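Database features (TrEMBL):
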- A:203-314: domain 'SecDF P1 head subdomain' (DOMAIN)
- A:333-353: transmembrane segment (TRANSMEM)
- A:360-382: transmembrane segment (TRANSMEM)
- A:388-411: transmembrane segment (TRANSMEM)
- A:440-457: transmembrane segment (TRANSMEM)
- A:463-482: transmembrane segment (TRANSMEM)
- A:530-585: region 'Disordered' (REGION)
- A:565-575: compositional bias 'Polar residues' (COMPBIAS)
Amino acid sequence: MSSSTSSGRPKRTLGWLGAIIVVLTAVLGIGIATNQTTGAPLLALDLEGGTQMVLSPETAGGEQVSSEQMDQAVEIIRQRVDGSGVSEAEINVQGGNTVVVSLPGTPDSQTRELIQASANMEFRAVISGAQGTATPEENQTALEDFPEPTAEPANGSDPNWVTPELADEFQKLDCAAFLAEGNREPVPEDEPMVSCDPQYGMKYILGPVEVFGTQISDADFGMASAPGGISTNQWAVNLSFDSEGTSAFREVTQRITPLESPRNQFAIVLDGTIISAPSSNAVISDGRAQITGNFTEVTAQALSEQLQYGALPISFNIESEQQISATLGQDQLYWGLIAGLIGLILVAAYQFYQYRALGLVTLSSLVVAGILTYLAIVLLGWSDNYRLSLAGIAGIIVAIGLTADSFIVYFERIKDEMRAGRPLAQAVEYGWARAKRTITVSKAVNLLAAVVLYFAAVGNVRGFAFTLGLTAVADLLVVFMFTHPVMQLLARTRFFASGHPLSGMDPSLLGQEPLYKGAGKVREFKTVEQAAPARGKRNKGSSKEAQRRQTIAEKRRLEREDQLGLSSGQQTSESVDAGSSEGKK
Amino acid sequence: MSRLATWGNELYTGKKSYPFVHRWKLWFVIAAILLVISGGLTLARGGFNMGIEFRGGSEFTVSGVSNTDPAAGESAVTDVVPETVVTATNIAPNTMRVQTEHLDDNQTLEVAANLQEAYGVGADNVTSTFVGPTWGQAVSQQAAIGLIIFVVLVALLMALYFRTWKMSLAAIIGLFYVVALTTGIYGSTGFEITPSAIIGFLTILSYALYDTVVVFDKIRENTDNLEEDVQRTFSENVNLAVNQTLVRSITTSIVGILPVGSILFIGAGLLGAGTLRDISLAIFVGIIVGTLATLFIQAPLYALLRRRDSNVQEHDARILRKRSSGSGEGDAPVTEPSAVSNV
């Protein structure tokens, strides 16, 4: 270990890398053993087959959609798609204002409509309420036994809205089944309805719509304050109405506040389901209401976001829709992988041509990078449902070339150092000291591009950016934790240190004068400075020239090293010994 | 190997030197001519060949066909919608593409069924795509936003890392040239511009700057201690750096092109138009243009930008004075453009 320099405990570094790979593999192994993942990457729709729709939001008045409203809209689409029985649907907001919906198979026109339609929020007064279970059949009242309404209903809270049919529907209503059903036909605004409040497990008969979601101007949440302005330590949702909403809401609260429970409640209904059914404690005449209850910060925020969405119901336009058959996707995947393999072989072949045995280092580094990338993709598929798309595969293949560049930069630096006269072991260290900066900053550029693309872009671009970023990270890990330590170890082997012609680091080819030991013997080499006196007269000039050609930075560095002595001194003297013993022969 | 290694050595020591910086006028003129030609050809062709994602419409891809008669595909559509414009093309062996105006859901299903029958393939071999006319715009708008954010951030990164904004500026100007020329090549050859091609363009940005950073890093190293250099002017130092990294530049672009080329070959040859081909085509062109731009545009541009800096001027004057005083050291072959003769 004496020959290792400050940066070097190569075996330990390799051990760490091995540990990372072992841990990742073990995690994956546990996942496979417990049937939580298959060990294969999840495939995106363009590879697996299915339908991908890209939607853009549309509001009635063309207002800007905030990101909270978008998230809310996507949440609503997700509930609807889940409710329609389509499994494994993926719905994401991408690039700020585009929604990408991916579904297996071909959606029917009903699902398509559900996805596009805007959610409907409305405020209805409660007429009657009960626990959210169906009345047991033996206790049910027969339809004809329900009384007919005695008069035309006078207002939204009037029990005269309840027809025998509605009463029958209400007694049979089971909230568990109702909520699981998901998608419901919208009830006309001037008719009563039954609905459930999933939060408290209650079911209600509701009057016609009295205030519309679009009449909400804003909603937020915070700590409720008592009349004196003192915070009550209780989470509350605040909402305010526009002018029409204010007067409509004033009428409702005027009417229901004095009523007995549950008729003093009003229900906020979103897509047919009650999201909140507060009771009214006071007449709200200024259009600014506060809802309190058993809110936590999270539930208060959720409700305020839902209310905000009501202020701006968003419908969606299908911008693009693609139906990909599974066989076509498999075809593309197959040929994509073949292309990747061919690319890898070509790159390896070229590296062997240029760097001889060092090509093996490149190839094994690429393989390690490939293993890391694969593990990352499979694990991300398991943990975050990351799906590999065709563009993602293209990203990985393109990354082969970008990854190999790190090694090229490093190898060229090693060569530069050897040209300056260093033996391989030193060249590996000094080359690394300079190459790692270049590699880090250039990878930072790659990573930056990948991150920006990932967050700004839509659709395919994302999958591509993701794998590009992932491979850049894998590349950095591999260069630092594999390629460099491996080079350190190799530099200690006789094959490489002696500059065997097949090692790719043959000093004679790097502008150094070889010193022949004779037939069948390996070559030794020296630094330029030491080798120079041994050269013929003619070479003297050119060696001076070579020294003169060194850049200032290089000269400075050499000077600094001479001063420091470093461990390089040790090795330099070793090579002198070798040279002088050679001279005696 | 040995010839390559010798060449690399000579480039490293400066024995052999290509005048990337000294002949900047020539390179810039060539660059401008290429841009004008590609732009002119694009105009002559009537602009870019925009993919269906930008025009809007419905597209069907039928794979595994043995009969590649376009008429069969066209009548499969006109049977359903008589008044529509249909183009059926054979885009790869055994693959047909049929493009029409926007069809509604039912029409799409009917056409897909007709196509299966017309080409005698199963339902699994027909893919349909509907694209609204604004989808391509949405993609390119997002791409443009991404481009701007990326360029600003990377310019900052480079300015901080290299501690001179002039490197950033040279790199970014070169970057725009790369994008302009690649776009021009796309336009003049009539390659279709699709969202996948746009992904390719965005990758070019990343690649071109990445490549520039590697070369600029060497330039910085060579010019870090300018005052102490007694042999080379600033631009000679820049030129030496470019030459010293030339082997890397060439190797990198070859290694970059090999895998991309294999996707391109397989993509275009066997799969036809699609994500793989469009991405790889753009990157293929971009890697070549990006590498050349670093050598012939960005590096000389940086030398030019620094030419008026007072420390550079002083240094250059000192070197030139020393040379003209005939100290005997002035015959360095890298110094004058005339030294190109040994290339």
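Glycine is no exception: its Cβ is also placed from the backbone N, Cα and C atoms.
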With Cβ-Cβ distances below 8 Å as the criterion, list the same-chain residues six or more beyond the ends of the transmembrane segment (A:463-482) that contact it, or say none. 13-14, 16-17, 20, 44, 364-365, 368-369, 372-373, 376-377, 386-396, 398-399, 402-403, 406-407, 410, 436, 439-440, 443, 446-447, 449-451, 453-454, 457
Should anything in the same chain at least six residues away from the transmembrane segment (A:333-353) have a Cβ under 8 Å from its Cβ atoms, list it; otherwise answer none. 43, 47, 359-360, 362-363, 366, 390, 393-394, 396-397, 400-401, 404, 407
How many of the residues that make up the domain 'SecDF P1 head subdomain' (A:203-314) does DSSP mark as helix, as strand and as coil? 32 helix, 48 strand, 32 coil
On average, what pLDDT score does this prediction assign to the domain 'SecDF P1 head subdomain' (A:203-314)? 85
Could you tell me what the rest of the chain brings near the transmembrane segment (A:440-457), counting residues at least six beyond its ends with Cβ under 8 Å? 94-95, 402, 405-406, 409, 464-466, 468-469, 472-473, 475-476
